[in-house]
Amino acid sequence: MSFFGLNYAKKKENELERRLRANDREYNLSFKYATNAIKTSKYNTFNFLPLNLFEQFQRIANAYFLILLILQVIPAISSLSWFTTVVPLVLVLSVTAVKDATDDINRHRSDNQVNNRKVTVLIDGELRSEKWMNVHVGDIIKLGNNQFVTADLLLLSSSEPLNIVYIETAELDGETNLKVKQAVTVTGDMGDNIHNLALFSGEVSCEPPNSRLDRFTGTLTYAGQKYSLDNDKILLRGCTLRNTEWCFGLVLFGGPETKLMQNCGKTTFKRTSIDRLMNVLVLCIFGFLAFMCTILAIGNRIWEQLWGSEFTAFLPRQGGVDTPFSGFLTFWSYVIILNTVVPISLYISVEVIRLGNSFYIDWDRKMYHASSDTPAKARTTTLNEELGQIKYIFSDKTGTLTQNIMTFNKCSINGKSYGEVFGYTGQRQEINEHTETVDWSFNPLADHHFFFHDHSLVEALKLESPEVQSFFRLLALCHTVMAEEKIEGELLYQAQSPDEGALVTAARNFGFVFRSRTPESVTIVEMGEQHSYELLAILDFNNVRKRMSVIVRSPEGKLCLYCKGADTMVYERLDQSCTKLMDVTTEHLNEFAGEGLRTLALAYKDLDEEYFSSWKQRHHEASTALEDREDKLDLLYEEIEKDLMLLGATAIEDKLQDGVPQTIEQLAKADIKIWVLTGDKQETAENIGYSCNMLREEMNDIFVVSANNSDDVRQELRNAWSTMKPGAEEEANFMPERTLGNKPKVVRDEEVNGEYGLVINGHSLAYALERSMELLFLRTACLCKTVICCRVTPLQKAQVVELVKKYKQAVTLAIGDGANDVSMIKAAHIGVGISGQEGMQAVLSSDYSFAQFRFLERLLLVHGRWSYLRMCKFLRYFFYKNFTFTFVHFWYAFFCGFSAQTVYDEWFITLYNLVYTALPVLGMSLFDQDVNDMWSFQHPQLYVPGQLNQYFSKTAFFKCALHSVYSSVVLFFIPYAAMYDTVRDDGRDIADYQSFALLAQTCLVITVCIQLCLDMSYWTVVNHFFVWGSLAMYFTVTFTMYSNGTYLIFPASFPFIGDVQGETGQGRAPSPSQPCPDSPHQHPPFRLRLLACGGLRGPGDVQLFPAQSRHHTHHHLHPSGTHHGVQPHGPLSRIQPHWERSELQTTGCGGDITANVPHDARPRLLMYRTLPALKSDNIHILATSETHLDNTFDDAAVAIQGYNIYRRDRNANGGGVAVYIQRHIPCNA
């Protein structure tokens, strides 16, 4: 059962073995196998909102701001209105939710489209059209040509001879070449007979659902016989049937249990070094935020202890609020106010920047390969800035540095080398486009695109040399190539690897033409005569065996095993009689490898009929085993592949791609180290190294490590170390060290005099990667300019990458083009796939892809460097502008009694990051360039700062913080000093709270914009629009929101009524907030929100809004005369007068009002602000003493305001002094 996307049903126990019976749904349903319906979507209508919010609040930033919002709705600690956090939080959550909803709707549509496809199913003896979702395990289905395979099927029969089918696996692995599958003979005999298929009751036992695409283990039991099932008899969901009219299949796995869906799991999430640094910095910021809030909370407690008690006569505390508790509440209030040190807009801005820079890669025409119509593709958007920090590149050779377009170039047969051209004098001639080629007219089936220049090989064939014929017969038989012959005599080969295609094409031109194959036979044309060989066994190639063999029976009945593979593997299995021939062939192999050619050794073995029968029986038993099948088969392969007879070797040319040497040279100038990891021979790898300018003759030394045991490998590495670092052997520590967190200690870069290269083969590398030697290998390799690892396995490639990641504080990149590079690509920080000749597995596993190695230069030196530079500038500036914004609050706390009052207006706090400063920094982060792309190529050394983290690091962050501290000091104290005790030319006081806030926030916006302009290196029209448009937006919004008209619409939301007009010297509505105090330990002492409401209730009608404190009860005095308890609705001063209502009229002018005045009120405080606003006939002021009264009032000033002091007397209540002020100028005047 699923509720809100969570599965509460009892989880099915892990399946150990799958058992099913054909045409028996009742039996198969008892196992509760999955149906064929798929579900890739995450949400539905009911669970979207709760589940999506649950996922979003798992991000620490969102959770942090949710906690702040909860704090803000607690009246006792709320120092900001709830909307200051709700608006940005809702915006971020909404944008993410819309994106997630859009993606999930598309997934729903895709699921529905796939689940509702139609397929023909055999039910109750007849064929019916059913939806894919209604297909069950054990059903028999019929597929047609070009139709998608519905589920993972066991092939039963097909329309093609010998029950073979052709499938395309592009949806699975990206490969477009056709592959062949064949049904078991016993099921193939049923053909398309519906009656026989309906009666079929075979039982299948096989492996449980898994993600292995290249392996299947199972058995079919039918009519008392057991038959082996392997991957060649399975059709996987996602494949497409090609060149086959129809086929029938038995459903083995459905829906989520198919191998396609099993491979749809989440890939490893890669994080950039900046992301990891950001996590550390955010934690530091949280700690610093807590530290600041603690300081201010302590300050509040001290202030309350020393001065706060003196004001309780005017501002009584709520019950239960004492001095320590006040400090505790203040801590949380400042957590709310100072939260902008970690703004929520930071995270969404980072994602926008990364997305934009990813588009630049996708749109770059200079990384587009026209001949293959392949553009560059950023397959991830989270790693762009890491492209600007690469220190190590791990590259495959074949198909990455080379074109992977193979041509048969030379060969060695029975100790004689072929492929060179000699003149009449016996001297070797250079082969060029004018050199005469072999005439293939004697062979009507030859491929005329194939060129060969050595005529002596053709002459040897015509002389019927048995060794030469056996050599090409092996090439024509030992392979997995498929032949298509749509037109008589025009053959098209479908090869799984370019090597095989090149060798089969060579055999074809030399008279041994591979014509066709079935699962049980191979047909070739030998010098014009067609022969069919019975195919008895195929001993598959894999990356561990590095060889392939076939066992065939010739038309004469002779049994023979043909083997081809890496020379190291074949030589180990040769008969002792081949020693001399092996020595000669080895010389030829070294010559071929020295020219950069790819080599293979060929061998054969005649088999005894009796022995083979015994071996065949054991092979059948191993192939039908459900457990350890591969291990058992490997042992049988080892047994029969021995005592081979050497035939010779082949040499295939794989030319370098265009621009590879120049690209490697440029990357080397950028201080990027390139390691080549290849499966080729050592000599071939070395030659490619020289061709690519990685190895050069002027190098001080090139070390070759090729020992076959641990001690010798260690000694060779130590010798290399001693040569590069003479005298350092004694101090060198080659044992791994651990830090306190049990992490490996980082190995720092070491300086070395001169340039060195290192070449190590696979055998030696296996020892070098052992725990006791890995550090010695790493430190030795890192001293070298170039490292080439040859004869390595895919696993070793990944191990080398992991080793560098483990001990070096550097960013790694792996680039390759084939399935054998996938593990390396996934292991590196960044994986790049070359879309070449070996399918698409590497591309599908990569983070970035393109068609040619030379595009790597532009990806790193241009896009990578720009992305890193932009992201670093963005982070530095973003922290600067937010720290500056926040620190001003910190300084203000010392002037407001640590009461958690904000400097700025609440709407400014809300819009600062979302509107006023968002677009300019995004413009810089998307368009900024320090130099253009051409200068980046001309000066690759510009790339080095990224490797050293110079643009953004902990040091850069703290410098940014210090800059912010300085800016905040200037932005607070200069406006404070400018407005302190200042009056206008008409005698009115300027220094009210709102005017100061408006001045401070205006200075802040202008300052951060100027700082952005100074940081910007490259101005575009968009940047100008964003910068000046944001400033214009600020002033437009400020004049609009602080105008009288806006107040009339939203009176409760805009307390800064008329400030803009007042600041610009115009007449304004009264804003009687008071100036800053004399003492840095005092709060603004007298802050009344007295808002003229003439436009609402009639002239002269007044609402008095006593400013509220978090810990005191206040009353909202309405003209109607009723008292209402008010909740805080904004940042309010702690020390405020306590207003008491006397007789206040509801309309017109006049009325009486009584007020308490704090003992430390500044002179003329009431005169210039309060009196003009009240417009009352009689005002009764209570003071604490005569001195206090004299300091507060000035008779002349009172007269200016239209009042007379007509009576003073001692107040009986509390011993204070009372003054009565009476209006002598009509209030309507």
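Cβ coordinates come from backbone N, Cα and C, glycine included.
What TrEMBL records for 80-98 (among others) is transmembrane segment.
Residues or ranges marked as transmembrane segment by TrEMBL: 280-299 (among others).
As annotated by TrEMBL, transmembrane segment applies to 331-350 (among others).
The feature Mg(2+) binding site is assigned by TrEMBL to ASP396, THR398, ASP817, ASP821.
As annotated by TrEMBL, ATP binding site applies to ASP396, LYS397, THR398, GLU500, PHE541, LYS564, ARG598, THR678, GLY679, ASP680, ARG791, LYS797, ASN820, ASP821. Other Cβ atoms within 10 Å of the Cβ of PHE541 (ATP binding site), summed over all protein chains shown, number 19.
Look at TrEMBL and you will find 874-895 (among others) tagged as transmembrane segment.
Nonlocal intrachain contacts for the transmembrane segment (907-927), taken as residues 6+ away from its ends with a CB within less than 8 angstroms of a stretch CB, comprise 80, 83-84, 87-88, 91, 340, 343-345, 349, 352-353, 356-357, 870-871, 873-874, 877-878, 881-882, 885, 997, 1001, 1005, 1008-1009, 1012, 1015-1016, 1018, 1020, 1022-1023, 1025-1027, 1029-1030, 1033-1034, 1037, 1041, 1053-1054. Residues or ranges marked as transmembrane segment in TrEMBL: 907-927 (among others).
The transmembrane segment annotation in TrEMBL covers 956-976 (among others).
Feature annotation from TrEMBL assigns transmembrane segment to 996-1014 (among others).
As annotated by TrEMBL, transmembrane segment applies to 1021-1042 (among others).
The region 'Disordered' annotation in TrEMBL covers 1061-1082 (among others).
The region 'Disordered' feature in TrEMBL is assigned to 1109-1134 (among others).
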Exercise. Fewest other CB within 10 angstroms, which one of the binding-site residues THR398, ASN820?
Worked result: ASN820
Exercise. Nearest to ASP817 (Mg(2+) binding site) by Cα, among PHE541, ARG598, GLY679, ARG791 (binding-site residues)?
Worked result: GLY679
Exercise. Relative to the Cβ position of GLY679 (ATP binding site), how many further Cβ atoms are located within 10 Å?
Worked result: 24
Exercise. Mind checking which residues reach the transmembrane segment (996-1014)? Cβ under 8 Å, same chain, six or more beyond either end.
Worked result: 877, 880-881, 884-885, 888, 903-905, 908, 912, 916-917, 920-921, 924, 967, 971-972, 974-976, 978-979, 1027, 1030-1031, 1034, 1038, 1042, 1056, 1059-1060, 1063, 1076
Exercise. Can you tell me how far the Cα of PHE541 (ATP binding site) sits from the Cα of ASP396 (Mg(2+) binding site), in Å?
Worked result: 20
Exercise. Closest of the binding-site residues to ASP821 (Mg(2+) binding site), Cα to Cα, picking from ARG598, GLY679, ARG791?
Worked result: GLY679
Seminar exercise, completed: Here the Cα-Cα span from GLY679 (ATP binding site) to ASP396 (Mg(2+) binding site), rounded to a whole number of angstrom, reaches 9
Problem set entry | Packing count at ASP817 (Mg(2+) binding site) (other Cβ atoms within 10 Å of its Cβ) | 31
Problem set entry | Nearest-integer angstrom distance between the alpha carbons (Cα) of THR398 (Mg(2+) binding site) and ARG791 (ATP binding site) | 12
For this session: Quick one: pull the CA-CA distance for ARG598 (ATP binding site) versus ASP396 (Mg(2+) binding site), whole Å only.
Result: 14
For this session: Quick one: pull the CA-CA distance for ARG791 (ATP binding site) versus ASP396 (Mg(2+) binding site), whole Å only.
Result: 12
Problem set entry | Proximal but sequence-remote residues of the same chain as ASP396 (Mg(2+) binding site) (Cβ under 8 Å, at least 6 apart) | VAL676, LEU677, THR678, LYS797, ILE815, GLY816, ASP817, GLY818, ASN820, ASP821, MET824
